[in-house]
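Q: Have a look at this one before I ask anything.
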Amino acid sequence: VKVDDNQEDGSVILICVTDEKKITWLKDMKEISSGDTNKLTWDLGSSTKDPRGIYECKGSSNESKSLQIYYRMCQNCIELNLATVAGFIFTEIVSIFLLAVGVYFIAGQEGVRQSRASDKQTLLNNDQLYQPLKEREDDQYSHLRKK
């Protein structure tokens, strides 16, 4: 069995190399064509439909060789080899280093702060030690009751 995947429409065709007239096509040990066919080719359809499996063509002598088909269809895949992985690791180390340097320099700056209202202290006049309490209402809980 040979594979022809150089079709314009992207289809995958299997070619049975035999001199026999009657051929049976099998996929994963299951019959996919009748034994009376004389087609030496079998169309698996488009390669994007992922035509995986073990294919065989058997003649009347029941001798065949199998062919395993496996298409790896990946649109956005990256080939991971040693150089790619080393590039990822190097880029990660450099970015962490630059981030650490940036945080160090920004955190180490002593900039001029704007004073806020909460930073100002209210000073007591005339050097008083204590500030007198403000007037308050006497409610029912401010006095003890006599029984």
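Just so it is clear, glycine is given a Cβ too, placed from its N, Cα and C backbone atoms.
Annotations per Swiss-Prot:
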- 1-85: topological domain 'Extracellular' (TOPO_DOM)
- 7-64: domain 'Ig-like' (DOMAIN)
- C16-C57: disulfide bond (DISULFID)
- N62: N-linked glycosylation site (CARBOHYD)
- 86-106: transmembrane segment (TRANSMEM)
- 107-147: topological domain 'Cytoplasmic' (TOPO_DOM)
- S115: phosphoserine (MOD_RES)
- S118: phosphoserine (MOD_RES)
- 119-147: domain 'ITAM' (DOMAIN)
Q: Using a 10 Å radius around its CB, how many other CB atoms surround N62 (N-linked glycosylation site)?
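A: Excluding its own Cβ, the number within 10 Å is 7.
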Q: On average, what pLDDT score does this prediction assign to the domain 'Ig-like' (7-64)?
A: 76
Q: Could you tell me which of these disulfide-bonded residues, C16, C57, has the greatest number of Cβ atoms within 10 Å of its own Cβ?
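A: Of the disulfide-bonded residues C16, C57, the most buried by Cβ count within 10 Å is C57.
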